[in-house]
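What TrEMBL says about this protein:
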type     : residues : note
ACT_SITE : SER40    : active site
ACT_SITE : LYS83    : active site
DOMAIN   : 16-97    : domain 'Peptidase S26'
DOMAIN   : 103-146  : domain 'Peptidase S26'
Amino acid sequence: MLRNGLGKTFRFLGYTVQYGCIAHCAFEYLGGIVVCSGPSMEPTIQNSDIVFSENLSRHFYCIRKGDIVIVKSPNDPKSNICKRVIGLEGDKVCTSNPSDFLKSHSYVPKGHVWLEGDNLRNSTDSRCYGPVPYGLIRGRICFKIWPLNDFGFLRASPNGHRFLDD
């Protein structure tokens, strides 16, 4: 009787560990659901919107300009931020605020990306903390899940003029 009970307990623990490992790999390498907060990505992503983030792009170095990514915050490693990729390594980016009269430019260093929020007037981004190491990218947002009336792929950047091609 005791032997039968121990056997069932160990089988249950074994299945729990197996399914836990599968779930961990799915969330770490495939993607997951993210609830966004804050005004920095408005109007593209509103406060409390729910999005799907896939993680394969970061592993295969497929992040491109214009993608919206989830990143470990350079200011607070315990939190994640959601920003748009404006520049990749070697790209020339505008490092000044839109309201600045004199524009300053810089190049994104190797192994880094330049991130900005779509709401330039209310966003703490690379203009404040500089280029972000590629290794801090957690995933790329594919589409919006909630609210249902906005379900689907995300719209283009309202700040497309900030992408420099020279």
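The backbone N, Cα and C atoms fix where each Cβ goes, glycine too.
Because the structure is a prediction, the values reported are computed rather than measured.
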SER40 (active site) CB neighbourhood, other CB atoms within 10 A: 22
Beyond the flanks of the domain 'Peptidase S26' (103-146) by 6 or more, those residues with Cβ under 8 Å of it: 31-34, 39-45, 49-55, 57-58, 61-63, 67-72, 74-75, 80-97, 152-154, 157-159, 162, 164
Distance from LYS83 (active site) back to SER40 (active site), taken between C-alpha atoms, in Å: 8
Tertiary neighbours of LYS83 (active site) (same chain, Cβ under 8 Å, six or more apart): SER40, MET41, ILE68, VAL69, VAL71, LEU115, GLU116, GLY117, SER123, ASP125, SER126
Confidence summary (mean pLDDT) of the domain 'Peptidase S26' (16-97): 87
The domain 'Peptidase S26' (16-97) - residue tally per DSSP class, helix then strand then coil: 19 helix, 26 strand, 37 coil
Three-state composition of the domain 'Peptidase S26' (103-146), taking helix and strand from DSSP: 10 helix, 20 strand, 14 coil
